[in-house]
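Taken from Swiss-Prot as is:
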type: BINDING; residues: Cys63, Cys66, Cys69, Cys112; note: [4Fe-4S] cluster 1 binding site
type: BINDING; residues: Cys73, Cys102, Cys105, Cys108; note: [4Fe-4S] cluster 2 binding site
type: DOMAIN; residues: 54-83; note: domain '4Fe-4S ferredoxin-type 1'
type: DOMAIN; residues: 93-122; note: domain '4Fe-4S ferredoxin-type 2'
Amino acid sequence: MRNITSFFKTFLLWELLKGMKVTGKHFFTRKVTVQYPDEKTPISNRFRGLHALRRYENGEERCIACKLCEVVCPALAITINSTEREDGSRRTSSYEIDLFKCIFCGYCEESCPVDSIVETNILEYHFEERGENIMTKAKLLAIGDKYEAQIAADRLQDKDFR
C-alpha cells in the first residue's frame, strides 16, 4: 500500500500541486506591494533619518561641545572641534558627520545631554558632488531650523519613552 501511494505522489507531482494550492489561495487577495515613488508608507516619529542640530528659542545653538556623541559613535562618523568663549563656556567651532560611515544607530541622539543632535524622519536625500556626504555644522543647523516644528512635535509625542 505504501508503494502505491508513493507512486501516485511521485507521478502526479503531489508537492507541486500543494504549492500551487497555496499560490492560488493568495493570488486573489489584496496586494501589499507599494509603488514607492508614487505611494509612501507612513513613517514613525521614532524613525532615524538624516541628522540635524537644534537651537534654543533665542537662536543660540544647543550644542555645548561635550563630545559625548563623538565618543559614543560606534562608526566614528562624528568629528567635533570646540573653542572656549569669553564667558568660559565651550561651543563647537566645527561639527561634522560623515554619512557614509554613519550607521544611523541613534546613540548620538540618546547621549546628548542638551538634546542638540537629533535624527529627523527625512528619508530621501542624495549627493551629486564628492564630499557632500560630510554634513557640516552649517548644513546640520539649516536642517534643524527648517524642520524644528516637526522635530519638536515628534519629541513631544515620544517624551514618555525617553
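Cβ atoms here come from the backbone N, Cα and C positions, even for glycine.
This view paints the features noted in Swiss-Prot onto the structure.
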| residue | record | CB count, 10 Å |
| --- | --- | --- |
| Cys63 | [4Fe-4S] cluster 1 binding site | 24 |
| Cys66 | [4Fe-4S] cluster 1 binding site | 17 |
| Cys69 | [4Fe-4S] cluster 1 binding site | 23 |
| Cys73 | [4Fe-4S] cluster 2 binding site | 20 |
| Cys102 | [4Fe-4S] cluster 2 binding site | 21 |
| Cys105 | [4Fe-4S] cluster 2 binding site | 15 |
| Cys108 | [4Fe-4S] cluster 2 binding site | 23 |
| Cys112 | [4Fe-4S] cluster 1 binding site | 20 |
Per-residue pLDDT averaged over the domain '4Fe-4S ferredoxin-type 2' (93-122), given as an integer: 95
DSSP-assigned states of the domain '4Fe-4S ferredoxin-type 2' (93-122) in counts, ordered helix, strand, coil: 5 helix, 9 strand, 16 coil
Remaining residues near the recorded [4Fe-4S] cluster 2 site, that is with C-beta within 8 Å of the centroid of the site residues Cys73, Cys102, Cys105, Cys108: Cys69, Val72, Pro74, Ala75, Ala77, Ile78, Ile97, Ile103, Phe104, Gly106, Tyr107
Rounded distance in angstrom between the Cα atoms of Cys102 ([4Fe-4S] cluster 2 binding site) and Cys69 ([4Fe-4S] cluster 1 binding site): 12
Residue distribution over DSSP helix, strand and coil in the domain '4Fe-4S ferredoxin-type 1' (54-83): 5 helix, 8 strand, 17 coil
Pairwise Cα distance for Cys66 ([4Fe-4S] cluster 1 binding site)/Cys73 ([4Fe-4S] cluster 2 binding site) [Å, integer]: 14
Distance, Cys63 ([4Fe-4S] cluster 1 binding site) to Cys108 ([4Fe-4S] cluster 2 binding site) (CA atoms, angstrom): 12
Cα separation, Cys112 ([4Fe-4S] cluster 1 binding site) to Cys73 ([4Fe-4S] cluster 2 binding site) (Å, whole number): 12
Rounded distance in angstrom between the Cα atoms of Cys112 ([4Fe-4S] cluster 1 binding site) and Cys105 ([4Fe-4S] cluster 2 binding site): 14
